[in-house]
């Protein structure tokens, strides 16, 4: 009902029927109601074209008296004052709107104000009314300028970051356009009561009145039509190096020095990656070391392994001690030299049998478990079969890898009870003081011959020297001699 009455009010106002509009408003119609486009009855009255211009002013005055708001905008952002300036409402309608609180500085969505629409319309009286209203509010007009296109139509441009007026097309590019913003000092406002107009003839005054109210001098073209030369750019200096703080850990890194490129290098090694002042170069190639497959010469023991020859025993003492026993041991050996040698140790050192026996003696001396009984010389076959870890010269491999030699500086006991329990302490029944053998001469006048240690060589032979380099707290040779002295004394001799 109200919506229909609203449309009826707009139609009555648009047709200039004041009495019908009064009846609708008295009947309860809303004066500020708009249509689908947001247009109100006051906007319709400002845009309407009546036969009598006085009817428009009476309709606008009546609507304002009924409470119509002049600052309501439609969907395009235009107010009733803008519609009045664009539709040719005249200075009287603009004065009524300004008197009821219309704002002349409001802009629409296109950025144009009521002043711009008045300039587009070319209504000088309305424009003067708007300027007076702006001055009354303390607003200085500095953003309006006009120009005339070659075709004779007027166009308006608004500067200071404002888009051009709506509905105005730009002319051909041949016409000069005012590309500069006009200041208030360059605007010449001509009024009817100008002081300099009395000096002119009446015909000249009429011609000046036909001209626009505003005159904006165009910028003068430069005297020299040649394009100006570009100014030389100031030289750019390299930026100053920043000073690093002492707290920065990367500040202590020395700056990388540039490496001159080498023609002989390949492309990959020539590239370097720099990161935080560090230079990463290509890594050197890795070479295989201590390998029999590499280009290096194999060690001397590798030939013996491949040929199947016997390997020498590794002593715990350094090789420098093999040059000869100390002086104390030499005196002890001189006392322990046997009178008669019944063992095959007196063989020539250069003979093959002596070399084979010396090899067997080395193998026996490595472990006390494989020692032969005193005074007996095993055969080479028995000596090879009795060695559990011996190396066969034909096959070149060990027979029993489970039995290993014990290497150490501790005392090696020959007691069978202690040897059956390896890794434990010796039993308490072992006497630390063995009986002293009787070494007195026998009644036959023949001096007892001391049993020589098994496979003992000549006093000065290298085999004897090589045997004494074993580092034990108690020599196994002395234990064997003490056992031999006890067997020579017999069961009745110790009591003597």
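Here the Cβ of each residue, glycine as well, is placed from N, Cα and C on the backbone.
What Swiss-Prot says about this one:
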type	residues	note
REPEAT	4-33	repeat 'ANK 1'
MOD_RES	15	N5-methylglutamine
REPEAT	37-72	repeat 'ANK 2'
REPEAT	76-106	repeat 'ANK 3'
REPEAT	110-139	repeat 'ANK 4'
COMPBIAS	204-214	compositional bias 'Basic and acidic residues'
COMPBIAS	218-233	compositional bias 'Pro residues'
COMPBIAS	234-243	compositional bias 'Basic residues'
COMPBIAS	463-473	compositional bias 'Basic residues'
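Neighbours of the residue listed as 'N5-methylglutamine', defined as other CB atoms within 10 A of its CB across all chains, total 13. Within the chain carrying the repeat 'ANK 1' (4-33), a Cβ under 8 angstroms from the stretch's Cβ atoms is held by residues 39-42, 44-45, 48, 50-51, 55-56, 58-59, 62-63, 66-69, 72, all 6 or more beyond its ends.
Taken through DSSP, the repeat 'ANK 4' (110-139) splits into 21 helix, 1 strand, 8 coil.
Over the repeat 'ANK 3' (76-106), the average per-residue pLDDT in this prediction is 88. Summarised by DSSP class, the composition of the repeat 'ANK 1' (4-33) is 20 helix, 0 strand, 10 coil.
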